[in-house]
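The next block holds one structure in the form of structure tokens; read it before the comments.
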Amino acid sequence: GIPCAESCVYIPCTVTALLGCSCSNRVCYN
């Protein structure tokens with residue numbers, strides 16, 4: 001996937017989740 005410039009180590013994907021990104025290997029991917 002495409003990295004969404006947001007990490008999800010301590011908290012889930014927030015802003016980028018609205019753009020269809022999901023957590024994978026502690027990084028939000030689209």
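For all residues, glycine too, the Cβ spot is worked out from N, Cα and C.
Around CYS4 (disulfide bond), a 10 Å sphere centred on its CB holds 20 further CB atoms from the protein chains shown. Among the features that Swiss-Prot reports, disulfide bond is placed at CYS4-CYS21 (among others).
Annotation comment: Swiss-Prot describes CYS8-CYS23 (among others) as disulfide bond. Under DSSP, CYS8 (disulfide bond) is assigned to coil, being neither helix nor strand in the three-state scheme. Long-range Cβ proximity for CYS8 (disulfide bond), meaning a same-chain Cβ under 8 A and a gap of 6 or more residues, is found for CYS23, ARG26, VAL27, CYS28.
Under the DSSP three-state reduction, CYS28 (disulfide bond) is assigned to strand. As annotated by Swiss-Prot, disulfide bond applies to CYS13-CYS28 (among others).
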Self-check item: Lowest local Cβ density (other Cβ within 10 Å) among disulfide-bonded residues: CYS13, CYS21, CYS23, CYS28
Solution: CYS23
Quiz item: Per DSSP, to which secondary structure element type does CYS21 (disulfide bond) belong, with helix, strand and coil as the options?
Solution: coil
